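J.: Take a look at this one; I'll ask things after.
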C-alpha cells in the first residue's frame, strides 16, 4: 500500500468539527445541567414522600455519581464502538429512566430510575462528547472545549424556569414524562458525531494486527527451539502468554500505567477532593432561597442567573486558556479557578436577602464556568490526546465517591443544624484546600519536569557518559571471562557460539 495508507489523519481543527461541537454542546449540556435542574422539584417531592433533606439529596448524588462512576464503561464502549452509537444509546436510556420515574411510588424507586438509569445514560453522553472533540481539534481545542462546555449553563438557564413551569401545570409526574421526551434529543446530538478517519484507522489496525501475529509466531518458534535445553514446561509458557494477552486486552481499554504518571496523580487527588464540595451548593441554592422566604420563580431564576454568567464564562475562559501566556501554565489557572470557587461559597452565608443571593449567583457562575471549561483540557494537557480516553475513565470512577457523598453530607449538615450556612462553609473550605493543593503540587511537577528535561538534554549532548557506560560494560565482560581453569569450559562454549553465529 502507499505510504499514507496506514497513517491516521490529523485533527482538521474546523469543518465538520464545529457540527461535532454543537452535538457535544447538547450532550454535555444535558449531562451536567439535568441533575442540577431537578432541584426545582425536590421541595415538593420531599413533601410528597415525607423525606428529609439528606434523603432527597441522594437522588442528585446517585445520578451524579453514576454519571462519573460509569466513566470507565463509557470509555471502553467508545474504544470498542465509537462515540456515535454510545451517545445514541445513552439518550435512549435517559428517556426510559425519566419516563419510568413518573410512575414511582417510593423514594427508593426514584433512586433507581432517576439516579441509576438516567445517570448511566448521561454518562454515555458525557464521555464520548469530550473524547470526540479531542479527535477533531488540536490547535483550537481549548476554544472548542469551552464552547462545548457552554452547553451546561445554556441548558441550566433553560431548564430551571422550564421545570418550574412544567411543575405548575403538570405536577412533578407529568414533568418527568415531558423531560424524558426532551432527553431523547441526545440521540439526535449523537447522530452528528461522524467518525473521523475510519478507513485509514482500519488499515492501520489491520497492519498492526498482522505485525503482531508475525511477531508472535516468531517468538513461539524461538521458544520451541530453546525449550529442550532449558527444560521449560510448555504449559507454563502458555499460561504466561495467556496472562500477557489478558493484560494487553485490559490495557487496550484502560491504561493503568497512568497511575505511575506524576501529573495524573496530582490531578486525580486534587479533583477527588474538589468534588466533595463542587455540586452541593447548586443542588441546595433554590431550596435555600425558598427557605429564607423567596418565592418559587425567583428562586428558580437564581439558577438562571448562575447559568447565564456561566454561559459567558466558559467560552471566555477557553479563549484566555488558549492564549500564549496562559496555555503553557494552564494548571495554575485551573488551581486559581477552584480556589476562587471555594471563596465564593465561604462568603455565601453573608447573603441574607435576594439581592445578596443574586450577587452570589453571579460570582458563583463565573467561578463555576472557569472550572468546568478547563476540567478536561487540563487533563489532556497532562496525559496527551493518546491516553486521554483511559484517563477520563479512571478519573471519573475515582471522583464518583466524593460526588456521591457531597450533597448528602450537605443535607445532613442542614438537618443537624437547621441552617444552610454550615453546608456552604464546608463546601468552600474543601474547595479552597483543593485549589491550594493543586497549585503547590503543580509547581513541584513543573520544576521536576524542567529538571528531567535538562538532565536528558545534558545526557544527549555529552557523549562521555555513553562512552563510559560502554567501557564499563566491556571491562566487566573481560573480568568475568578471565583466563582460568574453572572458566575454560565456558570460554570454549562462548567461542563455539561465536563461530556458529559467524557461519550463519
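A Cβ is built for glycine as well, from the same backbone N, Cα and C atoms used for every other residue.
The following feature annotations were taken from TrEMBL:
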type	residues	note
COMPBIAS	454-472	compositional bias 'Basic and acidic residues'
COMPBIAS	479-498	compositional bias 'Basic and acidic residues'
DOMAIN	17-446	domain 'Major facilitator superfamily (MFS) profile'
REGION	454-504	region 'Disordered'
TRANSMEM	15-35	transmembrane segment
TRANSMEM	56-77	transmembrane segment
TRANSMEM	89-122	transmembrane segment
TRANSMEM	143-162	transmembrane segment
TRANSMEM	174-193	transmembrane segment
TRANSMEM	264-285	transmembrane segment
TRANSMEM	297-313	transmembrane segment
TRANSMEM	333-352	transmembrane segment
TRANSMEM	358-376	transmembrane segment
TRANSMEM	388-410	transmembrane segment
TRANSMEM	422-444	transmembrane segment
J.: Given a Cβ distance threshold of under 8 angstroms, which distant residues of the chain, six or more beyond its ends, lie next to the transmembrane segment (297-313)?
T.: 33, 36-37, 39-40, 150, 152-157, 160-161, 163-164, 282, 285-287, 289-290, 354, 357-358, 361-362, 364-366, 368-370, 372-373
J.: So, taking each listed stretch (89-122, 143-162, 422-444) in turn and counting its Cβ pairs to the transmembrane segment (264-285) that are under 8 angstroms, which one gives the highest count?
T.: 422-444
J.: For the transmembrane segment (174-193), what are the same-chain contacts with Cβ under 8 Å, counting residues 6+ beyond its ends?
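T.: Those are 19-20, 22-27, 30, 34, 41, 82-88, 90-92, 94-99, 101-102, 118, 121, 125, 128-129, 132, 163, 166-167, in sequence order.
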J.: What else in the chain is close to the transmembrane segment (358-376), if you only count residues 6 or more beyond its ends and a Cβ gap under 8 Å?
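T.: Answer is 32, 130, 145-146, 149, 152-153, 271, 274, 278, 281-282, 285, 302-303, 305-318, 321, 330, 333-334, 337-338, 340-341, 343-345, 347-348, 351, 392.
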